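All remarks here apply to the structure that follows.
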Amino acid sequence: MLCWGNASYGQLGLGGIDEEIVIEPRKCEFFHGKKVCDVGCGLKHTVFLLDDGTVYTCGCNDLGQLGHEKPRKKPEHVVALDAQIIVAVSGGESHTLALNDKGQIFSWGLGSDGQLGLNNFEECVRVPRNIKCLSDVQIAQVACGYRHSHALSKGGQVFSWGQNQFGQLGLGMHGSSISTPQIIQSLQGIPFAQLSAGGAHSFAITLSGAVFGWGRNKFGQLGLNDTNDRWFPALLKSLRSQRVIYVSCGEDHTAALTKEGGVFTFGAGGYGQLGHNSTNHEINPRKVFELMGNIVTQISCGRQHTLAFTPSSGKMYSFGLGGNGQLGTRSTCNRKSPAPVKGPFVASAAPIESESEQCFCIHRIYAGGDQSFAHYYSPNVSPFSIWSICTLNEDIIEKWLSHSTGRLSLEISSWYIFTSAVAILLHSNPDHFNTSSKFSGVDMNMARLLFHRVIQHDHPEISQLIAASLEKNLLPRLTNSPPDIESLRLYLTLPECPLFSDQNNYVTITIPFAKSIIMLKEAALKVLGNWWSTFEGMLFQRLVELYKEVVVYLLRMHKLGIPSIEQRIFNCFLDTSLRFLKMLHAVSERAGHIIEYDKFYIHELDDLVDIRNDYITWFQRQMFPSNEGATREGPDSLVTLCRYPFVFDAQAKTTLLQTDAVLQMQMAVDQAQMQNLSSLFMPVESVNPCLILIVRRDNIVGDTMEVLRKSKNVDYKKPLKVIFVAEEAVDAGGVRKEFFLLIMKELMDPKYGMFRYYEESRLIWFSNKTFEEFDLFNLIGIICGLAIYNLTIVELQFPVALYKKLLKKKPTLDDLKELTPDVGRSEKVHTL
């Protein structure tokens, strides 16, 4: 361990040295033969964590921040933590946090602002105490600000407590200090990788590099282009595309490290701590250009100085306040731009010229109040691993599958919430840093494989624990307005989990999940729609098939009989599932058919639903929308499938058309009879309740046009009766069918010049010849409508292009080729 900077309180751990300051890195002999795996730098004290889980502290102990009463000049063992295996430590202005391997937090030191989280405001706590109110939560990370504290749970929740004078707790509450950990609700559901706390501001970054900041902003240390404090976490949009992987906070400045090794700094710059060769404050993140050309892999902010490490050269750089030697440059001068820290540092791969030469390979760097530290190891010796948050991967899955019961329950429930929010990404996948409103950054195949690896028939206990965690923990926490698009990624991956397709989980997981998507606000839904539209057909269809199965399951349950007391909840479930399918259908349509329209058909409807009755109910609601009770729309009322016509196949649509025709005809007849009844008492013209066509066989087109020209639109809705002149046959349907057959054959005749027949495709299309009788085209439309309306099939040999035009969709060149396969000129499409 190397240390340098302010030694006046013993915070460097060098023992009883005479110097008040150490101006260049010096070996801390106390740790010779020991492995330090974490260092927590407070303002005037330091906490060291060894690889065996023991904790040592040194420095100022005025307020009990060392956790013991021993001499403070050299590191002393915190005996009170001997029963614990500590895995992480952090130091504030005068308080300390330690995290054990069970995810529990211990705190000690100054507590007057509630920063110890012990549900009191004790001035001084000299012995580590467990924060009991977090005992049911597994914590993965802790961070101390000057007088506030944060913790990140393995479940993905961010907790905060302590001083809140500037909003540094991120809870939206003004001013009041809080002595018990509180969840930052606005950050729920986001997969965080790291927390950092400064003097009175805080930061959190996600696994895909989104950066959130809150708290004091007097010098622009939040990087939000102003100097206004923030009481809620705010997204730094300027850093969204920079692939930030780590953030460090000083007293009033901030540094961010990108995956590519770039460093951005912002906030107070009065001592040069931003490294921009000036003493200006910066209210926006600004890249430290003098570090460009070096790939920085670690940064650390002290009170008013900054450290950066470049492994390619093995060098450390420092800038900012230097009066206490904290820059390690053999000088007490401030530095406005990065300067090399003095010492015989080499890259880990560099050859050593002499065995006697003392060289250091830097492993980790730390900066605190006015002190700095660096782990080092001998060249050509591999350093030990660094503790960090993990995502779901093969190693963790294997651990679960081979785990005995007991603690597995808590571990899986906590990890699963977190890793679900992380969208099952491995850090080896670089795409997750490219998350945007157009690109999810999710490897869906990887997600599917991992889910199927976890959920296995041979390990039902794991499946049950994960299902319970989804139901009780993850799904209830989903918000309708996520603070960042990254939190939307779990909406893509979760349906790939086999638990979703298990009928036993439809009501508890699959349907509530769809509900959470439907409840999303418009902006979030738009992003989700963009991501879905990039899905491959097979992936998108799996999602559609899943919710089609849910609908079929619900309808079968309904057919078997549902108690009236459960009818309302059934309607909610069915309405939710169908609305979600409707959302997917709209996405597919907008994207030019991710899957074909018939993939949305639910063929079981004909057996499970009385389609005629469903249509009548829907029709009544359209006619009388203001009526209450049976005609009310919404999830509380009976769901009508006709609101979701895309699920009907050809057979169901035929039934619908027939039902609609019967209804319309009956209404037209009733209206005519009412008018005829009125004509007995009022000067109102009586009307025929049917549309009567009296035609001659040798002038069928002319006679039909004559009758239809005199008819009103309302007459077309009446039942059609056809009479051939000089023939006594009663039209019971057969005469009507013959009429349509004859008139369509006549209208298609070349003598009218309306259509052209194409031999190779045996299809017809409109003739490009000009003629005056445009009424004939209108007549054909009416005839076709009357035929369908009166349940008569007519043969129309038109290509798909015509039907696209009727649906107001633009035909394509392929549609033209259906008519004339030998034609390939795209300009012909415009004639369609």
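Please read every residue number as a count from 1 along the shown chain.
Placed from the backbone N, Cα and C atoms, the Cβ positions cover glycine too.
Annotated in TrEMBL:
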type	residues	note
DOMAIN	712-826	domain 'HECT'
REPEAT	1-52	repeat 'RCC1'
REPEAT	53-102	repeat 'RCC1'
REPEAT	103-155	repeat 'RCC1'
REPEAT	156-208	repeat 'RCC1'
REPEAT	209-260	repeat 'RCC1'
REPEAT	261-312	repeat 'RCC1'
REPEAT	314-378	repeat 'RCC1'
* Structure fact -> DSSP puts the residues of the repeat 'RCC1' (103-155) at 3 helix, 25 strand, 25 coil
* Structure fact -> Listed stretches 1-52, 53-102, 103-155, 156-208 vs the repeat 'RCC1' (314-378), most Cβ pairs under 8 Å: range 1-52
* How many helix, strand and coil residues does the domain 'HECT' (712-826) contain under DSSP? -> 51 helix, 13 strand, 51 coil
* Asked: Per-residue pLDDT averaged over the repeat 'RCC1' (261-312) comes to what?
  -> 96
